[in-house]
Structure formats: structure tokens, C-alpha cells
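Asks: Questions regarding the structure given below will be posed in turn.
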Amino acid sequence: KETVGGTTYFYTDTTPAPLTGMVFPNYHLYPPTAPHVAYMQPKANAPSFFMADELRQELINRHLITMAQIDQADMPAVPTEVDSYHSLFPLEPLPPPNRIQKSSNFGYITSCYKAVNSKDELPYCLRRIHTLVFAYDFHAGGETMMSRHFSDPNADAYFTKRKWGQHDGPLPRQHAGLLPESLIWAYIVQLSSALRTIHTAGLACRVMDPTKILITGKTRLRVNCVGVFDVLTFDNSQNNNPLALMAQYQQADLISLGKVVLALACNSLAGIQRENLQKAMELVTINYSSDLKNLILYLLTDQNRMRSVNDIMPMIGARFYTQLDAAQMRNDVIEEDLAKEVQNGRLFRLLAKLGTINERPEFQKDPTWSETGDRYLLKLFRDHLFHQVTEAGAPWIDLSHIISCLNKLDAGVPEKISLISRDEKSVLVVTYSDLKRCFENTFQELIAAANDNDQINRTC
């Protein structure tokens, strides 16, 4: 247990008990990268003690977006609060006050915000249909499939500018700018999985559209605005059974999925227009596998029986395992990066405590407190950590030295250490266990004084 600011924190020791003949190190160590992850990563010139820069930047960007706020003076039209939500931040350009253009999906003027719920202080996505507000999970850094894959104004040129028959068939993939088939299958697996979950619950998605499919990271998909149509089109006159048309809506979901897949295969929304379907399917036939073509045909062709999202599993086939393996490998890489920093919180607490002690200008009306007794030893230890120099007098900076010494201090190992005064006239030989005792006693002295002061303030 550890007491900080009057609050006691308890930590459970989950270290496995050593087997007979097994010895664990008595202070924390960083093992090398696991071999099954090491071969997937580019070789670096030096070992890394921290997570990959790409993953770190991605997480930082998500944090920045999550914490972003607006200047209320510049955006007076954004309300300060909506019900229990506050700190609204527009995720889309705000519609002008006199806007009459309605959403092509819902038939209403819409807007979208990030907001914080005052009940749990967590961020959410608010989709406002300018009669209602729907709250969804917020995924920082997400972009729509429309903006990622269908924002190129030249992508539709194949269907809109060329006359069919000018060429001996569609251009090959490498010249047509088409997406890799592996990426399309990765999307199919995720979207069909989402539909399977929704349909198994006896519900329908009804918003399987590139403008409502979010992409986070490189290929992670999420479906947005689910449930909006169920509210907007609710008809209480259907024998009080809102699920009466659910089977019909589920069939429409499969058609919508087929259109999304076809648009991705053509890299163009023009390909799903009725007059372009023949061209689009020929493009798919020439550039992609027969499985992808058959899946699209199955989803878009009228059937004599009710279709199920489970019916496309044989067409996905072993590609499902390819996506599962990719997800597991990604998980292994992230876990390996997490393992590099698993001790950072503990090391930060040590440095924070040490910083509250070293060179404190005054304590209990004693201006020399930090320069005497146990505190003087901790000051010399701080110099040993951070202020080493080479024989030529240049700074000697070695992160592994700092981490190793902090780990030994935290564990209180019996290893001896030589501490040299700044004038180099004194050399003190102590053990890390001695330093740990000085460290803990001194910090507890500060905590006791802080708690006494809080008690006095509360009494006053």
C-alpha cells in the first residue's frame, strides 16, 4: 500500500511464485522484444525502451481531438450545454442559420458535435437531427469512408467521361487506382460482422452507407447513426409492433452492403448507379477474384428467398482467418509496445517523490533541511542519476543507467553505491536499501506535514 495526500492506494502483488530452483530478479527489468514481434518490425540501430513513434503519435492525436474545445466568442451559435452534455465541439462544418438543404440520408437538417456528459464526464458524439439529438460513442480521429475513399473528384471519370467501348475493357488495377482486394475483404469482414450482430438481435442497421461508416486508424470500421431511422420513421399505427417490417429492413441492409462493396471495388460511387452497373461488374470481373464478384452479385441480385448475412460466409472463406491473423498480429505489436512502458507509472511516481524532496528551499522553518541528514544522501543520489560526466567533463547521459538505478532504489537491493559530493571532497558508500529507507522516511515526513496543514485549514 502507498499513502499519497491522505489517500491510501493498495496494489495487488500478482508476481507468480517461483518454482523450485527458479530465481526472479529482485528489481524490475525490461526484457528484449518478443521474437515473434521483432521480425515484424523494422530493425533499429539501437534498442527502444518506448512505444513506436507511429503508435505514440496516433494516441496523442486522439487525445488532442478528445480534449479539443472551441472559443465560444468565435462560435456563439454553439450552445454551451445540451441537457446533461457540455463542452460541445463541432465535428462537421456548422450549417448556416438560413440553411434549407437537408441531409440526403435522413431528410432533415443535421449537425454533429463532440460533447462531455456531466454524469460520467466521458466524451460522446451527438448527432443532431434538428428536432432530436442522438448520443453515440465518440471515436477521436475517425473519418468517414466517404472522405477517405470517395473524395477524389477524378475517381468517377471512368464512368462519367469515357464512352464505353473505347478501350478493350477496363483499365488494369494498377492504372485505374483501384483498392487492394485484401483491404476490401478486411472491410467486408467487419461490416458483415456488424450486420450479423444487429440482425441476430432482431434489428436492422438501415445506415449502411459510406457517409455513415467511420474508419479509425488504418482499417478499423464502425457504423455510425444506427437507430436514427427507427426513430424518424416510427409508425405507431402498425398494430403497435415496430418490428413488423424488420425482415424487410434486414434485406435492405444486405443490398446496401452490396452497394458499399461494389463502390469500393470500383473506387467510385458512380459505379453503383443503375446505368453503370454493367460497367462496374465488368471492372470487378477483370480486376478482382470471382469470390468478390459472386459476393456482390449475391447481395445485389433479387432472390426468391429471404437472404441472410450468414450466407456470404462461404464466399469470405479463409479470408476470414487472414483478417483474424492480422488483428492478432496487430494486438501482439500493441501489447509489445505497451510492455515497454508498463513500468513508466511506477518510475514516474519515484521521480515525482524525489522531486518533492530535492533542494526544497525550506521545510518546518529550516532552510537547510534539504541539505542535511537523509536529504543530503538523496541529493547526492539525484546527482548520481542525472549529473554524471565523462573523463573529459562532458555530460554522460544514459537512460538505461537512470532506469536501472531507480529500479534498484525501488526494490531496496543490498548493492552498494558510491555517492560523491559536488566538491569531490567526500565519498559516501551506501546501499540502495539504505537510500530507500531515507527516501521513504523523508517523503512520509512531507506527507505528514501536508496532512497536518490540511487538517488545520479544515478546522479554520
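Each residue, glycine too, has its Cβ placed from N, Cα and C.
Where the annotation comes from TrEMBL, it is an automatic prediction and has not been curated.
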Asks: Please identify the range among 45-83, 318-356, 396-434 that TrEMBL labels coiled coil.
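Replies: Based on what TrEMBL states, coiled coil spans 318-356.
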Asks: Quick check: which same-chain residues outside R127, T211, K212 lie with their CB within 8 A of the centre of the ATP site CB atoms?
Replies: N105, T110, C112, T144, V207, D209, N224, C225, V228
Asks: Tally of helix, strand and coil residues over the domain 'Pan3 C-terminal knob' (309-446) according to DSSP?
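Replies: The counts are 89 helix, 14 strand, 35 coil.
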Asks: I want to check the contact list for R127 (ATP binding site): same chain, sequence separation of six or more, C-beta distance under 8 angstroms. What comes out?
Replies: T110, C112, V133, F134, A135, Y136, N224, C225, V228
Asks: Going by a 10 angstroms cut-off between Cβ atoms, which of the binding-site residues T211, K212 has the sparsest surroundings?
Replies: T211
